[in-house]
Amino acid sequence: MPQQILILDFGSQYTQLIARRIRELNVYCEIHPFTHAPALTEDIRGVVLSGSPCSVRDPEAPNPDLSQYLGRVPVLGVCYGAQLLAHQRGGDVLPATIREYGRAHLTHINQHHPLLHGLRPGTQVWMSHGDTIKTLPEGFLTIAGTPDVQVAAYELEGQPTFGIQFHPEVTHSTEGKILMQNFVVNICGCDQSWTPEHFVDSMVLTLQNTIGPDDQVILGLSGGVDSSVAALLLHRAIGPRLHGIFVDNGLLRKDEYEGVLESYKELGLNVRGVNASQEFYAALAGHTDPEKKRKAIGRTFIEVFDREAHKVDGANWLAQGTIYPDVIESVSVKGPAVTIKSHHNVGGLPELMNLKVVEPLRALFKDEVREVGDALGLPHNILHRHPFPGPGLAIRILGEVTPERVQILQRADAIFIDGLREFDLYNEVWQAGVMLLPIHSVGVMGDERTYEQVVALRAVTSVDGMTADWAHLPYQFLAHISNKIINQVRGINRVVYDISSKPPATIEWE
Ligand code: XMP
């Protein structure tokens with residue numbers, strides 16, 4: 001295991017951000033719920049205690065025994081973490097008379113202190129707390145304050161234990177990164193060697209040690225970043241004993257199947273392309289309900305994948321592209337996530353075929369997956385593509401999915417996506433696509449009255465897809481795309497632009 005920082009999670013909305021900031025310093029870290037605090041090992045060079053929506057004054061609030069860490073490795077309590085340490089040693093944590101939420105400025109800073117070194121007087125920090133530390137226990141020293149918060153930061157004399165009332169992990173704390181670096185690098189002594197190249201080398205070794213010399217691994221490829229990077233890592237570790245299966249469900253973008261398969265072949269991957277479009281169309285025939293469509297696709301995918309996987313002699317591993325946010329979600333303080341993303345869910349296949357599961361990206365955030373993909377030579381067109389849903393165009397065709405309607409949508413979608421690239425807008429939006437609506441509208445072409453289908457263009461900006469805003473694309477661009485679609489795609493005579501944000505709308509229409 002690499003040297004690492006342990007983050008004990010007490011349920012704060014910002015816990016993942018703490019991990020992001022530490023990883024940005026090229027230091028490995030892991031989040032564990034406080035209910036499952038791991039035993040201290042040599043790899044753990046320091047501990048961060050996260051914030052929490054709870055109050056330490058509540059008898060039900062998290063109050064774990066931290067003695068295995070305190071005094072043995074550096075510990076930094078953030079917000080609730082800071083209050084908890086003070087409370088456990090007999091300090092007074094009381095409801096704040098002025099509820100501090102938002103921007104504040106550190107005015108009394110001990111600039112010689114190793115934790116605060118480099119922070120400028122008056123530096124902006126982000127506060128978010130209802131309680132405040134009124135009196136510190138014996139042996140605790142204040143090292144920073146604000147006009148409203150007497151104890152904004154403290155240390156425990158004689159041991160590397162610190163508490164801060166503000167959140168250095170959010171970008172509104174303008175010098176938060178300096179503080180994180182002071183803690184992780186200068187105080188904990190981490191050597192900043194967690195780089196994509198380092199990850200690749202060590203993961204390849206791990207995979208070679210885990211997967212036996214005659215073992216065979218199967219992996220479902222989707223053309224997306226995660227499964228492609230997982231494939232490249234496994235390929236580097238075990239070569240052709242990785243058997244990729246790329247299913248064409250007939251619901252991919254125009255020319256996507258051929259293009260992506262070609263890229264995989266050029267990368268030297270052992271991938272089998274399976275054209276199963278007709279099976280998917282047959283399963284979708286007659287369905288208009290979104291959930292029934294999703295279920296029909298999921299069921300068919302499992303059937304096809306299962307059939308293809310059985311063709312691999314001696315297959316005994318199933319690889320999956322699970323990434324860190326999925327892992328955190330499933331062990332979070334708030335309880336296991338109830339839903340499993342469909343592309344990670346290949347039904348009961350592991351049990352059915354008696355397969356062991358290997359997940360080489362379990363420790364990585366999405367942007368780290370991209371960096372690793374880059375280090376492995378994944379081409380730009382796969383590395384930086386927009387997210388695309390597992391059920392594909394089926395959930396962008398409102399009403400029944402037929403091969404003809406898929407073709408119409410593919411043509412309109414290709415004009416929109418190619419246009420975004422041509423106008424240098426592709427990377428400005430997080431996701432884009434076209435929706436084929438289940439209505440006809442009247443139009444006029446030449447002297448002819450038309451009665452044809454309507455499409456809606458959808459483009460959003462977002463960070464993680466959980467919330468999204470509609471992209472404010474230039475009118476000139478929208479006019480160009482609308483003309484082109486109506487002129488070139490037979491069957492469409494009207495184009496509209498979706499200006500709904502999420503929430504309350506969703507990104508997809510079904
Ligand atoms: P919504 O429409 O819920 O979408 O705002 C958020 C993100 O999730 C994708 N999405 C899916 N991905 N299977 C998937 O693999 C699905 O059933 C599915 N539904 C939505 C969507 O494209 C967007 O990126």
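Note: Cβ is positioned from N, Cα and C throughout, glycine not excepted.
Source: prediction; values computed, not measured.
Some features that TrEMBL has for this protein:
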- Cys79: active site, nucleophile (ACT_SITE)
- His167: active site (ACT_SITE)
- Glu169: active site (ACT_SITE)
- Ser222, Gly223, Gly224, Val225, Asp226, Ser227, Ser228: ATP binding site (BINDING)
- 194-385: domain 'GMPS ATP-PPase' (DOMAIN)
Item to check | Cβ-centroid neighbourhood (8 Å) of the ATP site, Ser222, Gly223, Gly224, Val225, Asp226, Ser227, Ser228 excluded | outcome: Leu221, Val229, Ala230, Gly321, Ile382
Checklist entry - Which has the fewest other CB atoms in a 10 Å radius around its CB: Ser222, Ser227, Ser228, the listed binding-site residues? => result Ser222
Checklist entry - Near His167 (active site), which of the binding-site residues Ser222, Gly223, Ser228 can be found within 10 Å, Cα to Cα? => result none
Item to check | Spatially closest candidate among Ser222, Val225, Ser228, the listed binding-site residues, to Cys79 (active site, nucleophile) (Cα to Cα) | outcome: Val225
Checklist entry - Who sits close to Gly223 (ATP binding site): which same-chain residues at least 6 apart have their Cβ under 8 Å from its Cβ? => result Phe246, Leu252, Glu256, Val260, Ile382, Arg385, Phe388
Item to check | From binding-site residues Gly224, Val225, Ser227, Ser228, the one whose Cα lies nearest Glu169 (active site) | outcome: Val225
Checklist entry - Counting Cβ atoms within 10 Å across all protein chains shown, which of the recorded positions Glu169, Asp226 comes out on top? => result Glu169
Item to check | CB contacts for Gly224 (ATP binding site) [other CB atoms within 10 A, all chains] | outcome: 17
Checklist entry - Using DSSP and three states only, what is Val225 (ATP binding site)? => result helix
Item to check | For Val225 (ATP binding site), nearby residues of its own chain (Cβ under 8 Å, 6 or more apart in sequence) | outcome: Lys366, Val369, Arg370, Gly373, Leu378, Ile382, Leu383, Arg385
